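Okay, so here's the structure we're looking at.
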Amino acid sequence: MDSEAVSSDSHVAAAIATRRRSNSVSDDYSVQRTNDDATQCKYFATQKGYWKDEFISRFANSSSNVSEARRFPEISMGYWARTAAIEKYVRDFLNEFDGNAQVVSLGCGFDTLFWRLVSSGAKLVKYVEVDFSSVTSKKIRHILKPIGPNSVDLKKSFESDAVVSHHADLHAGNYHLIGADLRQANELDQKLATCQLSHDIPTIFIAECVLVYMSADSSTALLKQIVSQFKQPAFVNYEQFRTSDAFTKVMEQNLGDRGIQLHGLEMCESAEKQEERFRNAGFKEVKVMDMNQIFNNFLDQKEVSRIREIEMLDEMELLQQLFAHYCVVSARI
């Protein structure tokens, strides 16, 4: 799970696959590598039957082995809960407005939600993905690469032929993939303008372990930028939570060993801190749930029961500890 770690006495402490965001261009390679790690973990989880995703294989290396630490059930369960939660928020939003809505994924990595939505018949106006150019250029190559005997053609989900510009941007009617630094307001504005997003219709922004790599000032500025430009924005943010204990120190140490700094960790200390950030940016309705609440109350409990049976855990303490240190923030104006 991206930047997910557990306490130092846990066997999952080494299972950290992080989509990192940093202040240096030199860290782009690390971001790309950790995105690859996360994709492999998701691919492994889907192969175990946690959820169906016929598209993830286009981005994963099926010949690459997932490390033993990343094979632990807690990691796969964590990825499932996170993936299911974000998808539910987005589907509920699209259904609320009968598909007359847009989705913007910030720090998208190799996420496949667009294809999962469209293949299931979900209606939407536009789906825009944003990440560093080093990531989007690689994603474009995966999207456009020749189709293998057992692979799906990702281009079939597009409303029009894909047009690639500057090797890092792709535009295809209902789908857009753009390379931009989320901390650079002008760059982000210019790139979003090429997607011809409507600022007047409901738009949901999603971010998974993204804001935590930005300074508090930068993430708040991004949120204010969204509120000022879109009439009906919603935001769903997944990231670290309760970050003042030993659990987080272990995570920071693991990330620090790989040259990664969590510049926005102070905003993840508590629900109050998260609410304060979003309210200061102009969001009025803000709700914070940790992943234990998401797992036990928000997600389909029939699915939760099925997930529990895939790889039976001897005890739930480790998973509960992991879930206690991640949350979902949902916000509207």
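Quick reminder: no glycine exception, Cβ is built from N, Cα and C everywhere.
Here is what Swiss-Prot says about this protein:
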BINDING   Lys42, Arg82, Gly107, Asp131, Asp181, Leu182, Glu208  S-adenosyl-L-methionine binding site
Same chain, 6+ residues apart, C-beta under 8 Å of the C-beta of Asp131 (S-adenosyl-L-methionine binding site), given in sequence order:
Gly107, Cys108, Gly109, Lys139, Gly179, Ala180
Tell me, how many other CB atoms lie within 10 A of the CB of Asp181 (S-adenosyl-L-methionine binding site), whichever protein chain they belong to?
19
Would you count the other C-beta atoms found within 10 angstroms of the C-beta of Arg82 (S-adenosyl-L-methionine binding site) for me?
23
Need one number for the S-adenosyl-L-methionine-binding residues Lys42, Arg82, Gly107, Asp131, Asp181, Leu182, Glu208: the maximum pairwise CA distance in Å, whole number please.
25
Per DSSP, to which secondary structure element type does Lys42 (S-adenosyl-L-methionine binding site) belong, with helix, strand and coil as the options?
helix
Radius 10 Å, atoms counted are CB only; among the binding-site residues Lys42, Gly107, Leu182, Glu208, which position scores highest?
Lys42
In three-state DSSP terms, the structure that Arg82 (S-adenosyl-L-methionine binding site) belongs to:
helix
